[in-house]
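Trainee: According to TrEMBL, the record shows the following:
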COMPBIAS  124-133  compositional bias 'Basic and acidic residues'
REGION    124-144  region 'Disordered'
TRANSMEM  17-36  transmembrane segment
TRANSMEM  48-67  transmembrane segment
TRANSMEM  79-99  transmembrane segment
Amino acid sequence: MANHTDAAAAKREVWKITAYLSVLTIVELALGYIMFRLNWQDGTFIKTFTKGVIIVLMLWKAFYIIAYFMHLKFEAKSLISTIAIPSLLFVWFVLAFLMDGESFKNLRSRYTPYHDVHFSKPMDVQPHAEKKPGNANLNEDVHQ
């Protein structure tokens, strides 16, 4: 009978965590919808803050998913470390690529190919003086 009670408690805990994750998801979606509908300008404090809150909520959900549905909450600390540290490195890896892509996009938008260069005024071209064979004035030839 004790085993049946443990199974019922475990089932209750799974449903509780599922409801908790559902509420977090609904809050994330509501924040994103509000941000979309109000059409906040990029770079404003409220939009940046809302994006930060959404990211924190997503990380919170990831913690609960890893802890409960991957059963890491009940494992030894060393096993948790062997999974958590590479996961953090993977997050850093993804962020580094996203920042590099953003930098490339910004630099690419400023790029002007060589064939699109327009000069402000044409070059001044002076006609060459006619040279006659046998001209002995070498200084004139050097400075031209």
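Placed from the backbone N, Cα and C atoms, the Cβ positions cover glycine too.
In TrEMBL, annotation is done automatically, which means it is predicted and not curated.
Help me picture where these features are in the structure shown.
Mentor: For the transmembrane segment (17-36), the residues of the chain that approach it from at least six positions outside its boundaries are 47, 50-51, 53-54, 57-58, 60-61, 64-65, 68-69, judged by C-beta separation under 8 angstroms.
Counting same-chain residues at least six beyond the ends of the transmembrane segment (79-99), those with a Cβ under 8 angstroms from any Cβ of the stretch are 66, 72.
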Trainee: How about long-range neighbours of the transmembrane segment (48-67): same chain, 6 or more residues beyond its ends, C-beta under 8 Å?
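Mentor: Here the qualifying positions are 17, 20-21, 24-25, 27-28, 31-32, 34-35, 40, 73, 83, 87.
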